[in-house]
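What Swiss-Prot annotates here:
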type: BINDING; residues: 169-176, 194-198, 216-219, 283-286, 313-315; note: GTP binding site
type: BINDING; residues: S176, T196; note: Mg(2+) binding site
type: DOMAIN; residues: 4-162; note: domain 'Obg'
type: DOMAIN; residues: 163-332; note: domain 'OBG-type G'
Amino acid sequence: MTEGNFVDYVKIYVSSGKGGKGSTHLHREKFIEKGGPDGGDGGRGGHVYLVGNKGLWTLFHLKFARHIKAGHGGDGGSDRSTGADGEDKFIEVPLGTVVKDKETGEVLFEITEDGEKRILAKGGKGGLGNWHFRSSTNQTPRYAQPGLPGLEMDVILELKVLADVGLVGFPNAGKSTLLSVLTSAKPKIADYPFTTLKPNLGIVAYRDFQSFVIADIPGIIEGAAEGKGLGHYFLRHIERNSTLLFLVPVDTPDIKAEYDILVNELTKYNPEMLDKERLLVISKCDMLDDELKAELKAELDVSFKDIPYMLISSVAQQGLTDLKDKLWKMLNE
């Protein structure tokens with residue numbers, strides 16, 4: 001998916017370098033009529049690496065870099081000198097990048113740590129020079145190995161945002177507003193559905209200089225698990241969150257029904273979603289007086305016996321400190 005500079009899915013072609021040829025050189029020196037073999041080995045072909053970079057949040061820099069090629073190994077020389085190794089290529093990617101084989105869809109590996117370096121395409125081995133093939137019956141071999149070819153492959157890079165808490169809700173539930181008041185993030189906010197078309201990340205500053213990361217996942221609609229709307233693109237990012245915050249506005253006609261739809265979509269996409277910690281947050285509660293809040297709590301106590309809930313107002317900034325405390329506790333239990 002792409003919006004502006006945010007890209008979380010790219011297809012690229014990579015090729016590692018081929019190995020250099022071994023040398024068939026025979027030693028030549030004044031007054032030595034028959035010098036033996038001294039051909040060196042070819043250098044290895046360059047590798048293509050993926051490297052994790054915590055400073056990256058998008059695959060945008062690879063959107064137009066469709067062909068990435070490492071260098072070829074140099075040929076072996078005389079005096080058993082080895083050819084130079086081919087130039088390696090390093091592709092920096094955000095943490096949470098999953099690498100898939102384009103043809104089979106097989107997950108090859110994923111990058112989750114800063115500085116983590118994995119070989120995507122290994123360079124071809126350099127060929128052995130004729131020096132290796134000398135023997136009592138063939139003292140001047142004129143054969144050397146060719147270098148092995150490099151590896152060519154089409155791969156898919158898919159970014160799954162890494163965050164501690166994922167904000168889950170229907171479009172226009174107020175997730176972006178909540179993110180903006182909890183963190184210093186500045187997501188696009190407007191009073192219409194699907195304002196957010198990309199995951200927005202923010203860092204919540206907590207007590208004693210501690211912090212955690214919260215992600216505003218684009219709004220989910222019924223049928224998202226079947227790909228309705230942009231469902232699969234959105235749901236992919238929720239897989240990495242350890243805690244899910246379900247945000248439902250207090251003016252929703254049926255809070256329980258809306259929550260059940262959200263849970264159902266997540267479960268259909270990946271049943272393991274049910275294993276995550278969940279917190280229900282009812283927003284826009286500054287619209288209620290104390291009596292209505294008491295009535296709402298009584299209803300929620302019946303409908304959500306096993307799921308913790310909280311009442312907040314992002315605009316009036318009510319209940320936000322308690323919300324931070326609750327999330328921190330859930331993340332560190």
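Every residue gets a Cβ built from N, Cα and C, even glycine.
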Given the binding-site residues G169, K284, S313, state which is nearest to S176 (Mg(2+) binding site) when distance is taken between Cα atoms.
G169
Give me the mean pLDDT over the domain 'OBG-type G' (163-332), rounded to a whole number.
79
What does DSSP call S313 (GTP binding site) in the simple three-state scheme?
strand
Mapped DSSP class for S176 (Mg(2+) binding site), helix or strand or coil:
helix
Among the binding-site residues N172, S176, S313, which residue has its Cβ surrounded by the fewest other Cβ atoms within 10 Å?
N172
Under a three-state reduction of DSSP output, how is K284 (GTP binding site) classified: helix, strand, or coil?
coil
Other CB atoms, at most 10 A from the CB of G169 (GTP binding site):
25
As a test of the contact definition, list every same-chain residue at least 6 positions from K284 (GTP binding site) whose Cβ is closer than 8 Å to its Cβ.
G174, P249, V250, D251, S313, S314, V315
